[in-house]
Amino acid sequence: MDFKRLAKSFRFATHGTITAIKAEQNIKIYLFFALLNLVLGLVSHLNFIEWAIIVITISVTMSVEIINIALEELLDVISPEYNGRTKIIKDVAAGSALITALASIIIFALIYFPHWF
């Protein structure tokens with residue numbers, strides 16, 4: 001295994017994640033709710049399975065949003081002028097991020113409500 005290459009890949013990935021967090025408001029919002037869920041998880045004394053579901057849900061939601069950001073940036077490079085087809089692609093990608101975010105809210109509710117009510 002080439003550890004130098006692995007470390008370089010990790011640095012690039014970290015830089016991309018930090019860039020997304022700095023540049024995009026939605027990622028900041030998702031990050032806030034991710035941290036809130038981690039605190040709520042500690043307060044609610046979640047079991048192992050519930051923690052796994054929370055971590056997977058946060059990871060998927062953040063990943064889909066970062067992919068959406070990357071796709072939007074790529075489309076802006078490829079087609080800087082307004083293009084109806086590009087708009088459709090951006091809207092569909094944003095829709096997938098929205099669906100993932102809404103699903104995560106439902107998942108969090110299903111996990112936390114039994115602990116609180």
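Glycine is treated like the rest: Cβ placed from N, Cα and C.
Listed in TrEMBL:
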- Arg5, Glu24, Glu72, Lys90, Asp91: ATP binding site (BINDING)
- Arg5, Glu65: substrate binding site (BINDING)
- Glu24, Glu72: divalent metal cation binding site (BINDING)
- 29-46: transmembrane segment (TRANSMEM)
- 52-71: transmembrane segment (TRANSMEM)
- Glu65: active site, proton acceptor (ACT_SITE)
- 92-113: transmembrane segment (TRANSMEM)
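On the structure: features taken from TrEMBL.
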residue : record                 : DSSP (3 states)
Arg5    : ATP binding site       : helix
Glu24   : ATP binding site       : coil
Glu65   : substrate binding site : helix
Glu72   : ATP binding site       : helix
Lys90   : ATP binding site       : helix
What is the one among the binding-site residues Glu24, Glu65 whose Cβ has the most other Cβ atoms less than or equal to 10 Å away? Glu65
Positions whose Cβ lies under 8 angstroms from the transmembrane segment (29-46), at least six residues beyond its ends: 21, 54, 58, 61-62, 65, 101, 108, 111-112, 115-116
Around Glu72 (ATP binding site), which residues of its chain at least 6 apart sit with Cβ under 8 Å of its Cβ? Lys90, Ala93, Ala94
Widest Cα span across the ATP binders Arg5, Glu24, Glu72, Lys90, Asp91, in Å? 36
Can you tell me how many other Cβ atoms are located within 10 Å of the Cβ belonging to Arg5 (ATP binding site)? 9
Whole-number Å value for how far Glu65 (substrate binding site) lies from Arg5 (ATP binding site) (Cα to Cα): 26
So which of the binding-site residues is most packed in, judged by how many other Cβ atoms lie within 10 Å of its Cβ, out of Lys90, Asp91? Lys90
Measuring Cα to Cα, tell me the gap between Glu65 (substrate binding site) and Glu24 (ATP binding site) in whole angstrom. 10
